[in-house]
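> Sharing a structure with you now.
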Amino acid sequence: MEHGLDDYTKDGTVDLKGKPVLRSKRGGLRACSFVVVYEVFERMAYYGISSNLVVYLTKKLHQGTVKSSNNVTNWVGTIWLTPILGAYVADAHLGRYWTFVVASVIYLSGMSLLTLSVSLTALRPPICKNANVENCKEASTLQLAVFFGALYTLAIGTGGTKPNISTIGADQFDDFHPKEKAHKLSFFNWWMFSIFFGTLFANTILVYIQDNVGWALGYGLPTLGLVISVAIFLAGTPFYRHRQPTGSPFTRMAKVIVAALRKWKVSVPNDPKELHELDLEEYAKAGKFRIDSTPTLRFLNKAAVKTGSTDPWMLCSVTQVEETKQMLRMIPILISTFVPSTMIAQINTLFVKQGTTLDRQIGNFEVPPASLAGFVTLSMLVCVVLYDRFFVRIVRRWTKNPRGITLLQRMGIGLVFHIIIMITASLIERHRLSVARQHGLVEKGGQVPLTIFILLPQFVLMGAADAFLEVAKLEFFYDQAPESMKSLGTSFSTTSLGVGNFISSFLLSTVSHITKKHGHRGWILNNLNASHLDYYYAFFAILNFLNFIFFLGVIRFYVYKAEVSDSMEVLAEELKGMRLREPNQVSEH
């Protein structure tokens, strides 16, 4: 059976052998289902470790509040920063699929070693019943080396899987096919919705197993889940569409910046057509997109000014210049997401630590402190559904925007939520401390006679904030990145979380150190009943407010990139015009 051009995808996707793919055979919702199922299990594995890690470091490795919290945020920070490396390897060398497969093997190795380290008694210090961890025997250098070696091996693995899996999912939809484009518009909402089922399982069932049954089973189950998820992903291989690696995005961007700097004295012509650009045919043959010159970041246009040299470090095409501009324009937006990412880091550290000081009994059942993170997930799931099914439909009647509101407006609402969250957390902690004082629990520590569920508002609000900020952030960085730099664009959202965790470590250590000066007790101690987390959270609320002001300033100058599919239609029309003109020119001669 012969197939027409319309039967093939128009976005440059191919099979693993580099051949064009039939729309009916590969991609779409069927291919995406394998990717989404993988992510459900993978998130179960990741959150099965990260949600309760601060409790393991405190109870089993005998580390104090600041040290255990910083070890968690440093590791989580690394987890979220390594995707930059994974995106580079995918875009420049191996492609998304093979980068993902290799990284999965590393990820599984780290998970297996971690399960081994919590299972063998020789790889952890002896059990200590003392309430003050300072009086317990510390873990040996070997025990710490095995445990953290496993954690950071796992982090390298996620660096290759994280930026590529969501991009592989989005690649299954053709932007130039109306039905597939419609599916892709809500893809990121349902992507987040699906993966948080895995998170919910980790924050409830796995956390309970770790606290009440044992860490060996608690870590063994997510390891098994990861094995299953990789097998499911590989099973979907015959159905995937792939994008071929197009060279290092960092090198392409560096060439533009270097060329512009080397020609800093050269003036930019008023007519953009005088700038260097490849023929339309070149882009069409490669399935790439030509981008017209824009007046923003005008200095970089110097890279495309013709001076007689064809050295790629002296002369770049207009499209290459515009791709670089698109990535650079997103950097201020990226910076504005660092502070809310720092707030997210509190969920698995100080929020969990607060939970350990409260009454966790419901009849004979004891609630694991880390399981409250499950309410972040539930809240987010509910908010994403309400947003997608009701809010968008109502608002787009007025805005005429298919998304209801712009991605930056959605992010802005999330930032406001973060201010409210930290004010709420500060007030709840103030109440907890007042009850601790009333019952004489400040000096000796111990459990405060308040239910752990007083912490629910800050967890539920965090989920609502994620439904706005985190979903919009992932979609924004994917959507606004150039087609050839999608993996790097996606890694911007993970970079935000990584930097946020390192900022959390820095702030926790700095504030702890500064507030202990001149004989003061300090805001953050091992005994939380004698600490002042209420002040610390109030400081965070102020930080979020200042960040929101910065965000409002940044978005005033942000210019959204042109709709790609529209530019492709223009490209097709121009090519058609060129082909019509060519026969006329021949007949004239």
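Just so it is clear, glycine is given a Cβ too, placed from its N, Cα and C backbone atoms.
Okay, these came from TrEMBL:
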TRANSMEM  72-90  transmembrane segment
TRANSMEM  96-123  transmembrane segment
TRANSMEM  187-209  transmembrane segment
TRANSMEM  215-235  transmembrane segment
TRANSMEM  327-347  transmembrane segment
TRANSMEM  367-387  transmembrane segment
TRANSMEM  407-428  transmembrane segment
TRANSMEM  448-469  transmembrane segment
TRANSMEM  490-515  transmembrane segment
TRANSMEM  535-559  transmembrane segment
> Which of 96-123, 407-428, 448-469, 490-515, 535-559 shares the most C-beta pairs under 8 angstroms with the transmembrane segment (72-90)?
490-515
> Tell me if the transmembrane segment (490-515) touches the transmembrane segment (407-428). I count contact as 3 or more CB pairs below 8 A, with pairs 6 or more residues apart.
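Between the transmembrane segment (490-515) and the transmembrane segment (407-428), which are separate recorded stretches, there is no contact, as judged by 3 or more close Cβ pairs.
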> Most CB pairs under 8 Å with the transmembrane segment (535-559): which of 96-123, 215-235, 327-347?
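It is 327-347, which has the most Cβ pairs under 8 Å.
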> With pairs restricted to those 6 or more apart in sequence, evaluate whether the transmembrane segment (327-347) and the transmembrane segment (96-123) have 3+ C-beta pairs under 8 Å.
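Answer no: the transmembrane segment (327-347) and the transmembrane segment (96-123) share fewer than 3 Cβ pairs below 8 Å.
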> Any chance you could find the range in 215-235, 367-387, 448-469 with the most Cβ pairs under 8 Å to the transmembrane segment (96-123)?
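Per the Cβ count, the answer is 215-235.
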> State the non-local partners of the transmembrane segment (367-387) in its own chain: residues 6+ outside its ends, Cβ under 8 Å from one of its Cβ atoms.
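Those are 47, 51-52, 54-55, 189, 192-193, 196-197, 199-200, 203-204, 207-208, 210-212, 347-348, 351-356, 358, 360-361, 452, 455-456, 459-464, 466-468, 470-471, in sequence order.
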